[in-house]
């Protein structure tokens, strides 16, 4: 499966910018680049930079900075050269065209990362993390992906694998030498229990990992016509929600992604809570209640010009903040409650800065102790770990029931293969192709 040709691609996004990078990797990377670069590329030491001119067909294309990384001390494990040229479309595209005309092949999406995987520089978990780092649209998603790329998830899988191998060795002694004195079965039982604890911890992190990667959900709730939609617009600086003086205007869930200090938040505007005979509005209210139940926090909006309303019980079951909107029209009353309260005006902007500070502190408190934890965010990883758990549970039950060792060994081998499906050592070409095809060209 390892390819021996030399590939090239533009590694930076298209469009205007100060610099662009053209990357080339493979056994002929140095020789091909030498044909278009003004210096003697074969004489350059690894991990050095050289200023020069790219020429092709008697035409000077651009002045570039050449970085050379000789195999195996490179990202792909092959000879790699990066040419840093002026930004924009034409310089990098002309350099790529020159490299291809001299023998390089245009790289496929993710092919540089795929070569790094095939050459043992990274495992499949780390390769997938590269794409997640690139695609991250908030800090939580970025740091989860960085955690995977740094190998923390892979180390857990390696530990699980070693525990399974140790258990399997004991079981295979039973199968191969049934007449001999039997080893102590407490050892494989203990090793399987240790592996199961790690697997359960990883599986249980999936929902939280998804939430962190996709963003914290905060619901704007309250009675009709208190300014929930106006607040959504004020926080996001968009006219996203329809604002009228007619109660019950919002009848469905309206969600808007919002980034606050690098943290992604899913702000959810919901239907006003009241008694109504309108079936459509009733459905909206039911959806609002469901959204509050599933959210990580609630902003309960109230009208400062109206008497204090009763508070629903759900506000005391999860992080909640009481907001007295329209404080530009009246001084808000103070409710006798343990919940924090804040006066704001979605119309004038009063209190919005303080509200953002409160939400930021809120999220920092939720984040405590999570930075070093490995979170699952991939459905592929989650599914394989569930399969692994099933195999190990069957093996444990087989040990307790004293089933034939061959049957127990079969379950352990399947669990061991599942660890290979995660790391990539047991993955076929079709799956690898599907995974790396999601990458951008040049990575």
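Each Cβ is built from the backbone N, Cα and C atoms, and glycine gets one as well.
Pulled from Swiss-Prot:
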BINDING   23, 82, 121, 443  (6S)-5-formyl-5,6,7,8-tetrahydrofolate binding site
BINDING   225-230, 244-250, 269-272  GTP binding site
BINDING   225, 244, 246, 249  K(+) binding site
BINDING   229, 250  Mg(2+) binding site
DOMAIN    215-364  domain 'TrmE-type G'
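What Swiss-Prot annotates, mapped onto the structure for a quick look.
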residue : record                                              : Cβ neighbours (10 Å)
23      : (6S)-5-formyl-5,6,7,8-tetrahydrofolate binding site : 24
82      : (6S)-5-formyl-5,6,7,8-tetrahydrofolate binding site : 20
121     : (6S)-5-formyl-5,6,7,8-tetrahydrofolate binding site : 18
225     : GTP binding site                                    : 19
228     : GTP binding site                                    : 31
229     : Mg(2+) binding site                                 : 24
271     : GTP binding site                                    : 27
443     : (6S)-5-formyl-5,6,7,8-tetrahydrofolate binding site : 22
In three-state DSSP terms, the structure that residue 443 ((6S)-5-formyl-5,6,7,8-tetrahydrofolate binding site) belongs to: coil
Distance, residue 82 ((6S)-5-formyl-5,6,7,8-tetrahydrofolate binding site) to residue 228 (GTP binding site) (CA atoms, angstrom): 52
Where residue 271 (GTP binding site) falls in three-state DSSP terms: coil
Pairwise C-alpha maximum, in angstrom, for the residues (23, 82, 121, 443) that bind (6S)-5-formyl-5,6,7,8-tetrahydrofolate according to the record: 18
Shortest C-alpha distance to residue 225 (GTP binding site) - which of the binding-site residues 23, 82, 443: 443
Residue 121 ((6S)-5-formyl-5,6,7,8-tetrahydrofolate binding site) in three-state DSSP notation: coil
